[in-house]
Amino acid sequence: MIMVDSQYYLPNDIGISALDCREAFRLLSPQEKMYAHYLSRASWYGGLVVLLQTSPESANIFVLLQRIFRKETPEELEKVAATVGLSSEEYKAFLVYAAGLYANMGNYKSFGDTKFVPNLPKDKLEALVRASQAFQEKPVEMEALWNNSSTLIFSLEDRQKQLGLGDKGITTYFSGNCTLEDAELAQRFLDSKKLSAYNTRLFKRSDGGKVCYEVRLASAVQKVDGEKETSCGTFTFEDKEFIVKRGDYCPLMEKVCFYLQQAEAYAANENQQKMLEQYRHSFNFGSVESHKEGSRFWIKDKGPIVESYIGFIESYRDPFGSRGEFEGFVAVVNKAMSERFTKLVSSAEVLLSELPWPQEFEKDTFLKPDFTSLDVLTFAGSGIPAGINIPNYDDIRQSEGFKNVSLGNVLAVAYATQKEKLTFLKEEDKDLFIKWKGPSFEVQVGLHELLGHGSGKLFVQDHKGKLNFNKDKVINPETGELVSSWYQGSETWDSKFSTIASSYEECRAECVGLYLCLNKEVLRIFGLEGQDAEDVVYINWLSMVRAGLLGLEFYTPESKNWRQAHMQARFVILRVLLEAGEGLVGLKEVVGHDGKPDAQITLDRTKIHTVGKHAIQRFLCKLQVFKSTADVEGGRALYDGYSSVGDSGANNFLRLRETVLLRKEARKMFVQANTKVNGDHVELVEYESSAAGLIRSFTERFQEDADQLEADLLELSLKCWSFWVLKDL
């Protein structure tokens with residue numbers, strides 16, 4: 001084994017679990033199975049966009065792996081590996097790397113945004129590639145693929161260690177020469193044109209010394225003949241030239257549209273048909289407005305048996321926080337589990353009134369959403385969350401509604417923990433933690449999604465000057481004076497709070513979960529009373545403070561940068577609860593049984609309802625007030641303050657980070673099934689819970705047009721390659 005810092009490779013013993021949806025799929029009608037199948041196909045092809053949104057080399061590596069494994073199964077290739085001198089551990093390391101690339105849709109971890117490289121010598125991997133059947137059959141093509149990819153596969157130059165903007169890391173949402181100032185300028189331009197950044201990328205180039213910015217919209221169509229419109233074309237803004245053009249990810253968007261059209265024939269109702277029509281228009285022409293319209297029909301599609309969502313959704317991985325990563329999911333409703341969430345929705349208005357901000361800072365009316373527990377059939381993108389609150393369009397969420405989903409079969413396997421792998425807890429807490437982690441997380445996800453992301457009002461003045469609040473009466477509870485700032489025109493939460501928006505909002509939602517889980521009525525909805533209810537509260541809060549410590553893995557001291565929104569949020573909460581004092585939370589450095597540095601987290605359960613509740617109450621009110629009033633300066637000062645990681649004060653967090661890295665456990669990867677049409681029915685094809693099973697699922701997923709798809713991916717990658725010629729290579 002080569003000596004590489006362990007945070008930059010995936011360990012051979014990484015957990016790999018199959019997402020079980022067999023029973024859920026079996027219960028679907030033939031029409032529902034067809035609908036799910038075609039939506040899944042659209043999602044998987046769209047998910048390949050993430051390769052092009054992650055790093056310059058990701059698409060090339062994907063094609064290299066696909067060509068190798070389409071010719072030889074992992075079992076067949078193992079024999080080849082032995083003949084060229086790879087040990088069994090080295091070959092396993094290669095399989096884990098390949099599985100990791102597929103699971104993350106790129107060579108950067110979807111959770112944490114650090115690069116991962118193969119944990120075997122480069123010359124060994126090259127020998128295996130050259131000995132593969134794919135190389136033997138097409139040596140010229142495979143040689144070119146290897147030469148284009150190999151340096152970047154293994155390179156761990158400082159800038160390439162993590163995703164980021166400018167000299168802070170790698171991003172393909174922006175060309176390599178873009179800075180934060182360029183991102184801010186582009187946002188102002190987009191706002192001026194009333195264009196959303198969600199489905200765009202920004203490319204900066206210099207023509208004869210003159211700087212020009214190219215905004216590319218994701219679409220199947222590249223040009224619309226004779227179209228008169230204001231969104232595409234050449235514009236001058238702040239003395240700079242901007243060109244807005246369609247056609248980013250063109251062949252992939254075409255496939256998405258094709259399969260969405262197939263799915264339309266099996267839609268259960270008119271809302272689903274209109275939703276899919278609007279999605280197709282969006283992906284055809286690069287129109288976020290059409291996607292918003294599709295989302296409106298999606299919200300109206302209450303209680304479907306097959307639930308789905310697709311598009312440029314989450315902005316976590318855009319370093320500026322405005323551009324959406326493509327994702328698509330298809331899932332089946334778990335009716336028994338969904339009943340609990342339905343009861344929570346029924347209690348929502350009462351619970352919202354308990355949140356610690358004045359009534360004027362809450363939405364005028366709570367639009368009761370669908371809240372269902374789903375078993376995932378397909379989740380295409382860079383990773384799979386445990387719960388989702390969508391759509392992310394502020395104007396729709398504020399006035400028209402949203403949906404919440406909890407992904408039941410993800411929760412079932414993602415948070416299963418072995419006692420010996422439980423770090424930083426007292427021995428007497430470990431059994432209780434294992435017993436109640438699942439139920440407590442179910443409660444937290446429910447509250448986080450429904451009443452966290454679903455709560456709070458944004459004060460807005462529209463283009464016509466109309467305000468959605470009374471500026472002569474609404475008092476800011478933090479200052480005691482009238483509200484003096486708000487969102488104007490096309491400003492949104494993401495565009496205004498940009499780089500901190502995602503993490504700040506996750507922190508607000510997590511705090512809502514902690515605060516409202518103290519309510520006995522909430523716990524009763526989840527079937528928890530008496531000592532069980534108290535234990536769930538304790539484990540939920542203990543889990544949060546432990547997660548705050550674990551979050552240090554996702555902080556980069558060199559750039560003082562957080563790489564994961566949720567983990568930054570949890571660290572902030574840990575800081576708030578430590579600051580509360582009175583012995584509520586303890587964090588001390590100790591020596592482990594192995595003689596190496598360790599740490600221990602303690603939580604005084606008798607003080608959760610008093611000291612803990614008061615601390616979260618005060619902090620949560622501040623978060624909401626800054627958010628409602630568009631007070632970026634105040635919000636950023638608060639959030640950045642608690643996010644800072646230093647070596648002074650009561651806790652040396654930089655040293656604790658080293659301990660966390662020493663004892664970290666790799667995040668699990670999921671193997672997902674495929675669906676296949678056989679005559680007039682749809683089959684579910686399942687795979688084993690292993691790296692080989694995960695690899696096989698991907699090689700079989702794109703069999704029908706593999707050659708054309710791989711050629712398209714290479715062409716899309718090559719088209720942009722010059723924008724990321726890395727100076728430090």
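Cβ from N, Cα, C; glycine included.
These features come from TrEMBL:
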type: BINDING; residues: His448, His453, Glu506; note: Zn(2+) binding site
type: ACT_SITE; residues: Glu449; note: active site
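Note: the CA-CA distance between Glu449 (active site) and Glu506 (Zn(2+) binding site) rounds to 10 Å.
Other Cβ atoms within 10 Å of the Cβ of His453 (Zn(2+) binding site) number 21 in total over all chains.
A 10 Å cutoff on Cβ-Cβ distances gives His448 (Zn(2+) binding site) a total of 28 other Cβ atoms nearby, all chains included.
Close to the recorded Zn(2+) site, the chain also has Asn389, Glu449, Gly452, Glu505, Arg508, Ala509, Glu510, Val512, Gly513: residues not among His448, His453, Glu506 whose Cβ is within 8 Å of the site's Cβ mean position. Neighbour counts of Cβ atoms within 10 Å were compared for the recorded positions Glu449, Glu506, and the top value is held by Glu449.
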